[in-house]
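Taken from Swiss-Prot as is:
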MOD_RES   M1  N-acetylmethionine
REPEAT    2-31  repeat 'ANK 1'
REPEAT    40-70  repeat 'ANK 2'
REPEAT    82-111  repeat 'ANK 3'
REPEAT    115-144  repeat 'ANK 4'
REPEAT    148-177  repeat 'ANK 5'
REPEAT    181-210  repeat 'ANK 6'
REPEAT    213-242  repeat 'ANK 7'
REPEAT    245-279  repeat 'TPR 1'
REPEAT    338-371  repeat 'TPR 2'
REPEAT    481-523  repeat 'ANK 8'
REPEAT    527-556  repeat 'ANK 9'
Amino acid sequence: MDLKTAVFNAARDGKLRLLTKLLASKSKEEVSSLISEKTNGATPLLMAARYGHLDMVEFLLEQCSASIEVGGSVNFDGETIEGAPPLWAASAAGHLKVVQSLLNHGASVNNTTLTNSTPLRAACFDGHLEIVKYLVEHKADLEVSNRHGHTCLMISCYKGHKEIAQYLLEKGADVNRKSVKGNTALHDCAESGSLDIMKMLLMYCAKMEKDGYGMTPLLSASVTGHTNIVDFLTHHAQTSKTERINALELLGATFVDKKRDLLGALKYWKKAMNMRYSDRTNIISKPVPQTLIMAYDYAKEVNSAEELEGLIADPDEMRMQALLIRERILGPSHPDTSYYIRYRGAVYADSGNFKRCINLWKYALDMQQSNLDPLSPMTASSLLSFAELFSFMLQDRAKGLLGTTVTFDDLMGILCKSVLEIERAIKQTQCPADPLQLNKALSIILHLICLLEKVPCTLEQDHFKKQTIYRFLKLHPRGKNNFSPLHLAVDKNTTCVGRYPVCKFPSLQVTAILIECGADVNVRDSDDNSPLHIAALNNHPDIMNLLIKSGAHFDATNLHKQTASDLLDEKEIAKNLIQPINHTTLQCLAARVIVNHRIYYKGHIPEKLETFVSLHR
């Protein structure tokens with residue numbers, strides 16, 4: 001164990017005597033260097049504060065002049081917090097004496113993590129009331145929110161810490177402050193079921209506001225299934241009759257899909273239906289649908305007590321009612337709407353009803369692409385689920401275990417929607433796509449292409465497939481490390497796209513069809529690797545031969561001056577007879593001479609040849 005690690009471990013474990021011995025013979029500069037260095041992203045002081053070693057904290061500050069504000073990585077409940085200063089770590093862990101000492105030594109009371117979380121928020125999160133009071137007494141700002149606009153009062157409400165919420169309110173916390181998504185502290189109470197805190201907030205004049213999705217605290221409680229909040233708010237003076245009805249119907253839908261309690265759902269739906277007809281002079285009927293939805297098996301919402309009673313004998317119809325109600329009340333843009341459609345589809349798939357699953361998932365995917373930003377993780381999850389489902393169906397079909405077939409149209413439809421997602425992302429120039437999300441979407445598309453190659457098709461269908469792949473390639477999308485689709489097709493890491501296996505990469509079939517549809521075999525990634533380099537790194541001679549036959553330069557070099565043959569295992573070269581001399585032209589040799597002898601060529605040869613020579617740098 002090196003000295004740096006030994007110092008770090010001693011500070012983390014509170015072994016002051018050991019640390020003193022380790023530093024005894026070191027100069028002031030050496031001590032400063034050892035104390036300021038990070039191990040696993042954290043300084044010794046940060047670890048000492050995290051684990052509450054008061055004597056160690058004071059020794060590091062007073063004897064070693066450790067920097068009191070330097071943040072780092074700390075772990076709480078399995079989550080790594082980045083950029084956490086020592087005061088934040090001590091506050092989150094509940095070490096009051098360490099907090100007091102750090103503040104006495106000049107720590108900034110409002111210093112934040114990378115996500116803009118303050119020490120006060122950290123203390124509020126885990127319910128450390130005494131630390132909350134101490135921080136506030138030392139000028140902690142109650143209104144500093146994290147990157148999501150979530151305040152200390154909001155997190156106290158969500159976590160159910162009533163005494164802390166009350167203290168913050170007494171100190172003047174803004175009860176109606178909104179987060180980035182429009183949530184208020186009332187929403188947090190509704191989502192967590194904290195009824196007592198909600199009542200207290202209302203006493204402090206909290207307003208029933210809608211969030212960014214149009215959700216009131218009452219609807220939030222219905223979505224999360226907190227019946228105590230729903231019962232309380234449906235009797236509140238600020239709640240209209242229509243709002244009460246919607247809340248009860250939505251709560252019933254939650255009982256169907258989240259709690260799996262069909263009788264409980266019927267109870268709330270009956271309450272809502274009775275309210276609709278309670279005033280015979282002003283019956284509140286459900287809106288008449290413009291069209292019936294095939295994915296819901298053309299179901300219609302029940303509109304009378306008699307129709308509601310008829311649902312008891314048909315559980316499947318009840319589940320469709322839940323989806324219809326949720327979509328009507330929450331709207332297609334709310335994440336829960338598409339989530340539970342997908343959930344219901346997955347249940348059908350588990351029971352072998354793949355057709356119903358595919359129909360529901362397609363409907364959810366259309367909803368997501370119409371309402372979410374390009375390359376949304378939710379949309380990517382839907383596309384991946386399709387790839388995993390189709391792979392499972394094809395495998396079982398091949399084993400003769402499955403009656404349902406995967407059609408070309410099913411697969412092709414999802415491929416088209418996947419390409420559409422890439423088009424949407426590339427068109428959004430003001431907000432460039434996240435490379436990791438784009439990489440995932442590209443990988444999913446390659447898996448779908450791989451699956452399509454396993455499905456028989458007509459000449460017309462084959463033309464449409466290649467036309468779509470051509471359109472995809474013309475977008476020139478790039479993933480992680482600036483990988484093109486062809487780079488991804490020859491890389492083994494493309495195999496790992498989700499939890500379940502779909503296709504194995506490198507894939508000769510996918511590589512072949514990409515090349516046939518116009519993929520550039522000499523395209524470069526961020527390290528100047530061509531697909532041939534990546535195929536060599538993955539020891540795949542068959543793909544290398546295909547790339548070379550398609551025009552890939554065998555002796556082209558990357559940023560590290562390596563050719564593909566430099567990267568390929570020598571045994572593979574001998575075994576598969578990939579001899580460099582067989583693929584090296586006189587042009588290539590001439591280009592190498594120019595590069596090796598540093599002959600200045602720019603402006604002296606045609607531009608096309610300049611590009612060719614640059615491949616051999």
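Keep in mind that glycine also has a Cβ here, set from the backbone N, Cα and C atoms.
On the 0 to 100 pLDDT scale, the repeat 'ANK 1' (2-31) averages 92 in this prediction. Broken down with DSSP, the repeat 'ANK 6' (181-210) shows 17 helix, 0 strand, 13 coil. For the repeat 'ANK 2' (40-70), the partner stretch with the most Cβ pairs below 8 Å, chosen from 2-31, 82-111, 213-242, 245-279, 338-371, is 82-111. Remote same-chain residues near the repeat 'ANK 8' (481-523) are listed as 384, 387-388, 391-392, 439-440, 442-447, 449-451, 453, 466, 469-470, 472-474, 529-532, 534-535, 538, 540, 542-543, 546-547, 550-553, 556, 615 (criterion: CB distance under 8 Å, separation of at least six residues from the stretch ends). Helix, strand and coil counts from DSSP across the repeat 'TPR 2' (338-371) read 31 helix, 0 strand, 3 coil.
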